[in-house]
């Protein structure tokens, strides 16, 4: 498009919509009809431009000049990426990126993606041996998965575009949704399970592992839910309750490790290490890598440790102390209300409700602070960044959510109040989660009727200037959607919920049942939001759920201590140990608690974290690699002799 055409189009379009509502109307009513349709006016050159799928869209800011847009296009074309620049108005400047299959395979080789070979093992993809990765019924187009193509293009071009991103010329960069593929995620009452493999193929391993974990955790909750019902009606001995939850939490977490290992092996991420590609936000100096010799960003670890131990963790300690103070202050308010209004006053419920609401507010504020502190620490990889951020968050969340419960149980020794406080906090927590999960989609559905009147047809002059009307409309509306950040919020909700379920299971038999019902709806709502509410995120590779695994294991150990403590506080149990061991009653309790810890350790050692078939497959891959290396050496030696 010429400069004159671009200028003439400025008055034809306003700013793109910033509302998910308009996008919903567009997607449901118009895009499925247009997705395969091309304007009849296209000439042969424009028709050829649309033969390749558009994987990534670059949105230029309002201040971006035409020359700058063209400069960005030229830089990207140096990587043999196919581009289509459309400058329609001052606020409508898009650059569509695509790539041939051959170029995607070259990117896959450079990124060392792990792919399945014809021998059944997983190996790093080799562009010069494509036939080794063509499984039965596959073509070269099928080697790079749909979630991988946008990431390969982004990783190739983004380092060269950082200056344009930082100075605000490039406003956004995101992959477009595939509406036909999204039909696979439509809600179906007959479907008993989430399509984890399809989610992985579309969203990548990081998001699919979250859904895999949520599905596995939800199924595992069936057992404590049934046990809780029986526990309520038959009043089991609390020692049996404690033993059951020790066995259940340990088996659940160990079996998840095995399930996760199977996922990560099939998805080619099981051998990821801390030496993987650095984060985009990682800062450092270009120096030769000690392993590859290539110039890579490097940052002295001593500065990271200095930031962590001299700034980050002291700030975390202050926040934890403040959270504990507010938790204790609730009891002082309750005492004052009790003295002023009596034990029958409904005002006694107010401090507990306020405390539960404050917990949610403090969690939101602290999450922002923890993210800021972790950014300052400048961790190299995404996995390191996530691990240190989760560590800070879990320290605070445990105190913020559970400190008052521990205080009631082991300082006040009020089990009835503990049960009331626990169920109230769990109820408020679930309501907040439901508001977050259901509120936004429900609001979108309710307002769709009003959005119909806001929908306007695109001006005919614009239709003649775009090369692909369906693509333009899709980009126009999706660029106004919110960006999906990460699975952090979702994991955090599951982790806190797990704490409510197991930490005081002796007095809360219905907590697991409430969590089960909540999760059944939550995982479908999460998938709906990803498909309909947010921009499609770039896929992230990961081999496990990272620091969240340690967080769940920490809560499972704390559950042993807390439930054993509640057991020992029972008058009949304590009197039994005092009569049986007059001088060593406390030691008897410690022995029982250590016995449960020992049982947990035995189960942990008895269940291998990787299934046997995964271990055999990894050994087979190593063997094939070593044999290939020997054959190369042998061939080189024969060539020298000849």
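Glycine residues also receive a Cβ, built from the backbone N, Cα and C atoms like all the rest.
Because TrEMBL annotations are produced automatically, they should be read as predictions rather than curated entries.
What you are looking at is a predicted structure, and each value in this text was computed from that prediction instead of being measured.
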Annotated range (TrEMBL: transmembrane segment) out of 262-282, 346-366, 367-387, 451-471: 346-366
Tertiary contacts of the transmembrane segment (209-230), as residues 6+ beyond its ends and Cβ separation under 8 Å: 193-194, 196, 199, 236, 244-245, 248, 252, 255-256, 259-260, 263-264, 487, 490-491, 494, 498, 501, 505, 509-513, 515-516, 519-520, 522-523, 526-527, 542, 544-545
Per Cβ pairs under 8 Å, the stretch of 303-326, 346-366, 498-525 packing most closely against the transmembrane segment (236-256): 498-525
When counting Cβ pairs under 8 Å to the transmembrane segment (303-326), the leader among 346-366, 390-410, 498-525: 390-410
